[in-house]
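Peer 1: Please find one structure pasted underneath; my questions will follow.
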Amino acid sequence: MMPSQEEPTAAARGTSEAQPLGPAPTGATPLPGPGPSDSPEAAAEKVEVELAGSADAEPPEPPEGGWGWLVMLAAMWCNGSVFGIQNTCGLLFVSMLETFGSKDDDKMVFKTAWVSSLSMGMIFFCCPIVSVFTDIFGCRKTAVMGAAVGFIGLMSSSFVSSIEPLYLTYGIIFACGCSFAYQPSLVILGHYFKKRLGLVNGIVTAGSSVFTILLPLLLRVLIDSVGLFYTLRVLCIFMFVLFLAGFTYRPLASSAKDKESGSSRFSLFSRRKFSPPKKIFNFAIFKVTAYAVWAVGIPLALFGYFVPYVHLMKHVNERFQDEKNKEVVLMCIGITSGVGRLLFGRIADYVPGAKKVYLQVLSFFFIGLMSMMVPLCSIFGALIAVCLIMGLFDGCFISIMAPIAFELVGAQDVSQAIGFLLGIMSIPMTVGPPIAGLLRDKLGAYDVAFYLAGIPPLIGGVVLCFIPWIHSKKQREINKTTGGGKMEKMLENQNSLLSSSSGICKKESDSII
């Protein structure tokens, strides 16, 4: 890896600031430690300067492997267990209807749909808050705490006697725990990998696809044999493993000096001053017009996005009663979603700039179209084909979220840009499935619900089409302003050079005279 241009500058700055009064040998960059002639106050001051310097130092070079491979597997388990359970919630939804349903309650589908919707919505709603916790407490503590909370929420869900308590235990407590466990698993990857980060991210995000393929088979066996409550207790094992996996998120030492300073460092560690971040929530990113449009278009498209995940199994049970292995429709979505993440993630590398948004427009067009085609499928094979296409473009939508954010706001603000977007996304993802359930209760079938679920992705896709044009227009304005500023600076430098030259000539002529 070639050193960046900032490193020599930083090193030179540190050398000049720490340079002693006497002559020093060339290249002696380390800060001198407290010598025997120093007073205690001076020695403590030198140690504080050294600690402050190490705090401001550049982050360590990612090891590109080693312990990082174990971190990758832990993050993959996190991604799979969290979103595997969420993506297969349709099986739990049917089981909840059978367990808590009543013939006298004509709004049972509507009430039950809120459980899964709250759960998925809270995972995204908590993302901006989790970002702050991760910055303050680190990835390990945040992830371990989140997995513990998720375990408590899922375990307590297995002891309820009606549907309403699940809003709290499963929809809020379990989901919040999943959110706090999930986001650090993505952040920690950048600490251990840089050159291989694309490959590692692909492997980790594929975890949800693998679990989405396998969990329906496990859930079907468990629900049929031991029932809903014991199934939830078995799923607690996934959260307990996630709790243990969080301990692998070991923070890297900030510099080699941290490793060599020994016990003397820790004896004075309490003297180090930590400055809180200037801005916890940076709302200034909404002043970027292209990002603001993106933050409106994506949530607008997601009002119908989660409807198939919640209601598809119930629709299949009603429409194809004689079919066996009905859970294969969820498995198909999981399989092609994994393929779509790898395929379109690679394609996005060849699409320049903000034009990557057009891939999301394409994905929303097909997701909306496939949602409308679900009630039109009269044979089970056609429904499987629809689910395969839906999963492929679902993977496309997910895989290019981060690259688009980088293009719109830059690397400095990308974390909060994604956090804000995920938080806004929680609203439509929470509201959509209960509305579909209410339509099912009123109309007696899911046809209208799936037709309406396909409209928001189409509208959102139309809104997103304006982003590349807005972004390119803004870039032209910035380049024009920057170019004009550079020209003015060049003219100023030229004028100052001419004036200084004329002054020198005048002095020389005076001396000759």
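Glycine too: its Cβ is placed from the backbone N, Cα and C atoms.
Feature list, courtesy of TrEMBL:
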type	residues	note
REGION	1-61	region 'Disordered'
COMPBIAS	20-30	compositional bias 'Low complexity'
TRANSMEM	69-94	transmembrane segment
TRANSMEM	114-136	transmembrane segment
TRANSMEM	143-161	transmembrane segment
TRANSMEM	167-192	transmembrane segment
TRANSMEM	199-223	transmembrane segment
TRANSMEM	229-249	transmembrane segment
TRANSMEM	280-308	transmembrane segment
DOMAIN	285-513	domain 'Major facilitator superfamily (MFS) profile'
TRANSMEM	328-345	transmembrane segment
TRANSMEM	357-376	transmembrane segment
TRANSMEM	382-406	transmembrane segment
TRANSMEM	418-436	transmembrane segment
TRANSMEM	448-470	transmembrane segment
Peer 1: Could you pull the average pLDDT for the domain 'Major facilitator superfamily (MFS) profile' (285-513)?
Peer 2: 80
Peer 1: Which one, 69-94, 114-136, 280-308, 328-345, 382-406, has the most C-beta pairs under 8 Å toward the transmembrane segment (199-223)?
Peer 2: 69-94
Peer 1: Please identify the stretch among 69-94, 143-161, 167-192, 229-249 with the greatest number of Cβ pairs below 8 Å relative to the transmembrane segment (114-136).
Peer 2: 167-192
Peer 1: At a C-beta cut-off of under 8 Å, are there same-chain residues at least 6 beyond the transmembrane segment (229-249) that contact it? List them, or none.
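Peer 2: Hits for the transmembrane segment (229-249): 67, 70-71, 73-75, 77-78, 81-82, 85, 92, 95, 138-140, 143-144, 146-148, 150-151, 154-155, 157-159, 177, 181, 184-185, 188, 219, 222-223.
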